């Protein structure tokens, strides 16, 4: 596996997987913060495919539930469209960089990617496990369920997108500090490789990422998807996200993590999710996100 020089940027401006308006503006905020020019300065072939068309938010229906799930029909629509766009990028041998939007969009992106690999690995860089199922979800918010859906459990219509499920043993969770009871049990039952914030404190981010790389190589993965939720970072530094949990990764730690992942040449696709400019300060979180992506694609000081 090698890092491709050809990148497709795909916006997925979904706000339907959670309750706070504004995360649908994430792709625009990230572009406004200079993403395209930042990547082109690295001599990369960058094509912005624009945003997929998403349903209009109906405020009266925004908090309604179907099958115990919020905005279920809208999320199906978003993920079906995103699945097609990401599949097209993979088929054209381009690196899909998907901009959320809330984390429910990972169902569409990762399910598309997994069809093109025999043994895909996933790095879930997040404060949360996103391993809930509807029956156990405290909120009914689908942004807390995408990784469980990708392993083959969840609502039927979303599972239909995913013909090649992700093996739990091919998943690495990094930055965990807020897990629901059912998620903790699922992690234990399936022995999912997990680095909590306590582990990161003990080991340091360098050892965590090096262990992650070696672990996925030992699993003989033929591609690795990086799903980066900005709520993995500490909200005191990175405030523009909707599900904040104190005590997260620092901006500096995250830079180093992405630098190491770049050097590994292991990552074959990426999501960047949960940037919400309406609760940010002067687009600070989007600017941080752009800097992190630049580092991931090889940007250095010297």
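Cβ from N, Cα, C; glycine included.
All protein chains considered, the CB of residue 229 (Mn(2+) 1 binding site) has 25 other CB atoms within 10 Å. In the three-state DSSP scheme, residue 229 (Mn(2+) 1 binding site) falls into the strand class. For 103, 126, 130, 229, the entry in Swiss-Prot reads Mn(2+) 1 binding site.
For residue 126 (Mn(2+) 1 binding site), the number of other Cβ atoms no farther than 10 Å from its own Cβ, over all displayed protein chains, is 27. Positions annotated as Mn(2+) 2 binding site by Swiss-Prot: 126, 128, 229, 231.
Summarising the annotation, Swiss-Prot assigns substrate binding site to 128, 129, 130, 131, 132, 139, 140, 141, 180, 243, 274. In the shown protein chains, 25 other C-beta atoms lie within 10 A of the C-beta of residue 130 (Mn(2+) 1 binding site).
If you take the CA of residue 180 (substrate binding site) and look 10 A around it, the binding-site residues you hit from 130, 229, 231 are 130. Of 132, 140, 274, all annotated as binding-site residues, the residue with the shortest Cα distance to residue 229 (Mn(2+) 1 binding site) is 274. DSSP gives residue 126 (Mn(2+) 1 binding site) a coil state; it is part of no helix or strand. Across the annotated binding residues for substrate (128, 129, 130, 131, 132, 139, 140, 141, 180, 243, 274), the two most widely spaced Cα atoms sit 19 Å apart. Proximity of residue 231 (Mn(2+) 2 binding site) to non-local residues of its own chain (separation of 6 or more, Cβ distance below 8 Å) is seen for 126, 127, 128, 238, 241, 242, 243, 244, 245, 248, 274, given in sequence order. Shown are the binding-site residues 103, 128; the one with the most C-beta atoms within 10 angstroms of its own C-beta is 103.
The distance from the Cα of residue 103 (Mn(2+) 1 binding site) to the Cα of residue 140 (substrate binding site) comes to 14 Å.
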